[in-house]
Every structure is written in structure tokens, then in C-alpha cells.
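*Asks:* Have a look at the structure that comes next, please.
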Amino acid sequence: MTIQWFPGHMAKARREVTEKLKLVDVIFELVDARIPYSSRNPMIEEIIQHKPRIVLLNKADMADKAVTEEWLRYYRQKGVTALAINSQAGTGLKQIVQESKVLLKDKLDRLKSRGIKPRAIRAMIIGIPNAGKSTLINRLAGKNIAQTGNKPGVTKAQQWIKVGKELELLDTPGILWPKFEDQEVGTKLAITGAIKDTILNLQDLAVYALRFLEKHYPDRLQERYKLSAFPEDIVELFDEIGDLRGCRMPGGFVDYDKVAELVIREIRTEKLGPLSFERPRDLLRDEATDK
Ligand SMILES: Nc1nc2c(ncn2[C@@H]2O[C@H](COP(=O)(O)OP(=O)(O)OP(=O)(O)O)[C@@H](O)[C@H]2O)c(=O)[nH]1
């Protein structure tokens, strides 16, 4: 979905989420497991206040397993419940209900002690565009309710979706904006396909991605593009990939736009395997330098 996040739109999105907050016991904050930091709303804590929250690292099938484990540990250390899930295949979803019960145990016990009949836990999903909110809603509902893909959701009366006996989910998710004013965040969102009609230059994206792969996944890069060694100069790397894949302009020169497009497409379609573009240790380093 392409949303123009003007201040007015942000205020409206925030208002909508705040309104719905009153209806639920717990928030499911959906992020992209490949970029858990960049795919978050920068104001999420401020917006949801003290509402219990579970962070769902979605698209875990596309992320580096070992790095996802690091993220889970990172959240655990912060006292935040986090789960790795794949909404498309439906893996990890049972745990969402279990963890919600754990998180809300005190509240439910309190209600019970006051003689209030136990009721289902009420939840809503919040996330930035393309995080997989509709896919998750449909999976949890067990049928096609929310519209998936990259189109704006259809506005309709709010409904509760029953997820077994113990959970009720708002059928419309809360959509919030990412921290796109940060250039690196924008780049990662574009590489992972969260920003579709990118205003960022494709060659810039590919340069960033190739440098990142060189550093963190050198073997996969080498294998995919049959590189004998890593050239010092990024232009040479573009040349090698272009030569190998026949990305040429009419005169026979390497077409760098074509190389960039190819590299980004192959990353998005997992031709280089599952990749994670940020690690908690980068974040911890940033937090340390901020102080
Ligand atoms: N591989 C993989 N793809 C997923 C997963 N979850 C969602 N997707 C894909 O990600 C894309 C976006 O999913 P949506 O459910 O439309 O995302 P959304 O958050 O509702 O998006 P908006 O409507 O733009 O707010 C779709 O192409 C989904 O098929 C997942 O766990 N794994």
C-alpha cells in the first residue's frame, strides 16, 4: 500500500489507534523479522502507553534464524514478550494465544476474583504498511477476512474475529508509519519491499545491499554471483555481476540500473537465502553512542 504520511495523516492514524486501544486487552505489534527496528513505528510505546504488548517478528521464514534468535533474546532481556512467526504459513501462531494468557494472567485473575465471568482476551494488530497485518488476521481467523496485498484496506464496520474460544481480534488493524526520516531505515524498508514505489534510487539501494552482504553474508554473495574475490571498488562488483548476468546497454557496456534491479529483486525473492538486515547489537551500539 502506498500511503503518504503527512503530519495530518499521522495524527489521524494515531487517533484511530488510540480509539481502538480502549477496546482491547493486548496489542500485537507486528514487525518484519528481517528489520525489527526499521519496521517499527518510532512512537509505538508512547502511543500504546502501558497496554500489554507482544512483539511479533513476522516473515521469520525470510530472516536469518540465528539473528532472529538474537532479537528474541534482546526483547526477553528488556522484559518484552516477543515471538517469531510466519503468517503466511501459519507457524508460531498458537503461541500468540498462550503468551497473551500469560501476559494477562493477573488481569484475568482479578476479574475472576470479582466474580466476573471469564471472557475472551481482546486484541488488535498494529504495524506499518506491508508488515503482514492482513495476512496474520486471515490466518488467525482461518478464512479470508482482511484484504491482503498492497491495496488500502476496505473501510467497514469494526468486527471481532473469534480465534478459538480464548481470543477475539479486531478485524481492522492499526496502521502506523515507520521512522522514514532516517535514511538508513528508509533504505532497509525499500530493500525488503516495504516501500514499493520507491523514491530512493535503485542503484543506491543495491550499493547498500551489496556492501551489507559483503560484510555479513560474504559466502552467499560469492556463491550467487560466482565472485572469485571481492573487488575493492563497488563499480567493479557491479561490473562482475553485470557481466555474469548479461545486464548490458545496447553498446555492450554494463547497465548499472539493470544490475541494481536484479540484485534487489533477487534479495527480495530470497535467491540469496533468508537474510536479516539488522541485529540487536547494532542497536545497542547506537544506544550507547546516543548517551
Ligand atoms: N514470506 C512471508 N510473507 C509474508 C508473511 N506475512 C505476510 N507476507 C507477505 O507480505 C505482503 C504484505 O502482507 P499484507 O498482509 O498485505 O500486509 P499488511 O500489513 O496488511 O499491509 P497493508 O495493507 O499495506 O497495511 C504480502 O505479499 C504477504 O503475502 C510471512 O510471514 N512470510
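Any Cβ shown, glycine's included, is placed from N, Cα and C.
Curation plays no part in TrEMBL annotations; they are all automatic predictions.
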*Asks:* Please identify which of GLY8, GLY115, GLY164, GLY174 is recorded by TrEMBL as part of the GTP site containing ASN58, LYS59, ALA60, ASP61, ASN86, SER87, ASN130, ALA131, GLY132, LYS133, SER134, THR135.
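*Replies:* The candidate from GLY8, GLY115, GLY164, GLY174 that TrEMBL ties to GTP along with ASN58, LYS59, ALA60, ASP61, ASN86, SER87, ASN130, ALA131, GLY132, LYS133, SER134, THR135 is GLY174.
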*Asks:* Going by a 10 angstroms cut-off between Cβ atoms, which of the binding-site residues GLY132, GLY174 has the sparsest surroundings?
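*Replies:* Ranked by other Cβ atoms within 10 Å, the binding-site residues GLY132, GLY174 bottom out at GLY132.
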*Asks:* Taking every protein chain shown into account, which of the binding-site residues ASN58, ASN86, ASN130, SER134 has the largest tally of Cβ atoms within 10 Å of its Cβ?
*Replies:* ASN58
*Asks:* Determine the Cβ neighbour count for ALA60 (GTP binding site): the number of other Cβ atoms within 10 Å of its Cβ.
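*Replies:* So the Cβ neighbour count for ALA60 (GTP binding site) comes to 25.
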*Asks:* Determine the C-alpha span of the GTP site listed in the record, that is the greatest distance between any two of ASN58, LYS59, ALA60, ASP61, ASN86, SER87, ASN130, ALA131, GLY132, LYS133, SER134, THR135, GLY174, in Å to the nearest whole number.
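*Replies:* Taking every pair of listed residues, the largest Cα separation comes to 24 Å.
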